[in-house]
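Student: Quick one: structure below, then a few questions.
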């Protein structure tokens with residue numbers, strides 16, 4: 001065991017040194033990288049500032065050299081156009097709020113432009129009330145079959161799909177001798193009694 005312990009101490013010390021060296025390299029390498037990026041960023045900003053100030057100086061020098069009438073009026077026209085668009089609401093309420101804008105020298109409206117919905121679309125007037133004679137929207141009873149004249153005061157059920165079943169039921173009631181009401185309506189007949197259940201209870 002002592003031989004194993006003797007080998008374990010130097011190996012663990014070597015691993016510890018290797019780990020420390022790796023950590024030191026990581027810390028050391030990461031710092032200059034950040035500093036380098038910051039330096040590059042600062043250099044870029046300085047170059048951009050120098051270019052923009054040089055452009056401003058040449059522009060001001062160019063304006064001072066030619067004090068006569070302005071030769072290129074395109075920037076001024078675009079500036080006037082922007083002002084016109086921004087302050088078009090000050091012209092008056094009669095002027096339209098939306099306009100078709102034209103591209104360049106085409107003098108044709110842009111194909112992608114869609115005219116806005118007119119304001120009277122939302123300001124509907126009052127609906128006119130239909131005349132009293134017009135009953136096209138009213139409901140009415142519709143018969144499936146043509147009406148037939150009732151025979152001897154008995155209501156006819158020809159209009160229903162199950163009229164054959166109703167006739168058979170009436171005939172069965174007549175043959176059994178059950179009293180029919182004068183009107184023949186099912187509402188005035190006695191309640192249904194389950195005869196089979198009553199017969200089974202008596203047994």
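Note: Cβ is positioned from N, Cα and C throughout, glycine not excepted.
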Student: Of the residues 30, 60, which is given the phosphoserine tag by Swiss-Prot?
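Tutor: Among 30, 60, the residue Swiss-Prot annotates as phosphoserine is 60.
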Student: Which range, 7-27, 70-90, does Swiss-Prot list as transmembrane segment?
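Tutor: So the range that Swiss-Prot calls transmembrane segment is 7-27.
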Student: Which three-state DSSP class does residue 29 (S-palmitoyl cysteine) fall into?
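Tutor: Assignment for residue 29 (S-palmitoyl cysteine) reads helix.
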Student: How many of the residues that make up the topological domain 'Extracellular' (1-6) does DSSP mark as helix, as strand and as coil?
Tutor: 5 helix, 0 strand, 1 coil
